[in-house]
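One structure below.
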């Protein structure tokens with residue numbers, strides 16, 4: 001660094017911020033994230049604490065940056081990450097033993113489903129060989145749909161615990177998360193969990209880790225997170241193996257506005273500091289700083305190397321101001337600081353439309369979605385409208401589980417009443433003039449005439465799927481992949497009984513409950529991970545549902561032509577079961593362009609207008625029947641209103657081991673008066 005001192009900086013995660021230098025000091029070269037020197041920033045007055053330091057803050061103040069450790073836990077779904085986090089918090093005295101369960105799973109949806117959705121952080125203090133160490137633990141999700149949370153967490157860490165279930169061994173998402181961590185250059189500590197189970201086979205799991213990841217398994221720690229067996233051996237391993245030193249989150253408080261989670265790279269930040277955002281150029285006054293211990297614990301200052309939270313006074317009220325990966329520095333030092341590169345923007349793979357049940361709740365729904373976007377920036381949002389459902393939003397997600405969890409959070413945390421359309425995947429249109437357009441909304445897909453005249457090629461997205469399962473189910477899994485238009489890439493037997501199979505699969509097939517079918521075919525023993533692969537030429541069509549020859553745009557889908565007939569027949573059959581009879585005939589059709597693939601008719605109720613008529617009055621009889629006929633025709637064509645748009649949970653048998661469930665939405669035309 002040529003003897004130059006650096007101005008303080010912070011990086012936010014969902015709204016990552018970093019503090020500016022209050023009292024600049026020279027840091028060791030290995031902690032300098034900048035390739036070239038910067039000039040000295042103006043030295044500000046030393047802080048004058050307004051109240052005595054707490055015991056925790058006194059211990060933190062005495063710890064040099066060389067004894068900071070940032071680490072996370074890398075694992076497959078349900079291999080015990082959150083339980084192990086609880087044991088570590090208990091060992092360090094952060095929480096009381098035996099009184100907590102999955103402390104870092106803070107969302108209701110996480111506790112209900114038993115999975116980790118949001119990466120959560122906690123600061124721990126641990127005395128090792130007579131010296132205090134500051135440990136920042138980040139509990140990360142394991143499911144592929146939340147890979148963005150995982151990658152952001154890895155960016156703020158120096159190392160990770162590679163956790164494997166002793167009874168299940170290495171799984172698909174273990175492999176995927178390992179390569180994410182490896183790409184970030186993290187130091188990995190092998191850990192075998194659940195060694196107390198009767199079905200545990202630690203030697204097999206260690207051999208898989210050695211073969212698959214080429215790790216030194218002699219240093220692996222065998223633990224039981226549930227009972228606490230050998231967990232005390234992990235903390236010394238973390239301190240001795242993980243090197244000393246971008247965290248990634250923000251959330252919303254009704255009273256404080258946006259609260260950001262940040263890692264301080266240089267200098268320090270405290271209440272009263274004036275900060276500026278590199279992303280927006282907006283300036284803020286720090287109202288409070290603190291650490292997660294494990295809940296929000298105020299501190300007088302955050303120093304370089306620490307991970308903590310910041311809120312501003314007055315608060316940041318607009319969630320759009322919070323940019324994941326943003327860099328903050330002190331006002332006046334902007335020219336002396338180079339912002340960090342931030343994070344790679346995730347690409348949405350699955351799209352749904354969201355509409356409020358009551359159109360008057362549109363603005364409340366918009367505000368609720370924006371607040372959730374603060375700490376889940378992998379979701380994309382744009383406004384749209386539907387003739388059937390009115391104003392709403394087109395939301396993009398990383399997968400179907402991601403979508404389902406987001407919906408649950410809207411309902412539980414914000415009390416939103418919403419209607420979601422079936423998930424769809426994007427489609428790329430290559431026009432004859434060479435331009436390309438990606439359509440995420442099926443209702444905007446070109447019609448039949450436009451496709452014939454102006455379109456050169458249609459493409460759909462493919463993914464590279466990695467499937468791990470016992471060898472005995474190999475035939476069933478390959479048959480399932482072939483039935484879903486898959487192309488085999490490779491097959492590897494990494495133990496005598498376990499297979500890793502890689503297939504190129506259309507993303508649309510994965511959205512159509514491929515995972516449920518896979519679990520059914522392997523009795524629940526298979527796991528799958530996938531990554532974006534490429535766009536491929538495909539014969540896709542827009543499948544529409546028509547009610548009385550009027551398209552219901554909210555449920556249209558882009559499907560492969562080979563599936564259009566089957567899906568169309570399923571649609572009309574199941575919709576018929578959930579539409580009540582009316583005073584007029586209801587015709588339900590599934591169509592591709594002008595070609596009607598399937599039709600069901602719901603006969604009307606018969607109102608006997610001749611009941612009180614004398615049998616011999618033929619003229620009067622004809623007149624009443626003609627009047628009834630004209631009335632029904634008028635109701636059906638003009639004088640009818642859409643007064644019921646309902647959500648039905650319809651069982652659809654997809655040929656698996658059990659009935660699967662598909663969410664379907666539909667509009668029904670009902671007369672204003674009979």
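Using the three backbone atoms N, Cα and C, a Cβ is placed for every residue, glycine included.
Noted in Swiss-Prot for the protein shown:
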type: BINDING; residues: 75-82, 139-143, 193-196; note: GTP binding site
type: DOMAIN; residues: 66-246; note: domain 'tr-type G'
type: TRANSIT; residues: 1-48; note: transit peptide
CB contacts for residue 75 (GTP binding site) [other CB atoms within 10 A, all chains]: 28
Count of other CB atoms lying within 10 Å of the CB belonging to residue 140 (GTP binding site): 30
Same-chain residues at least 6 apart in sequence whose Cβ lies under 8 Å from residue 195 (GTP binding site): 166, 202, 222, 223, 224, 229, 230
Which of 78, 81, all binding-site residues, has a Cβ with the fewest other Cβ atoms inside 10 Å: 78
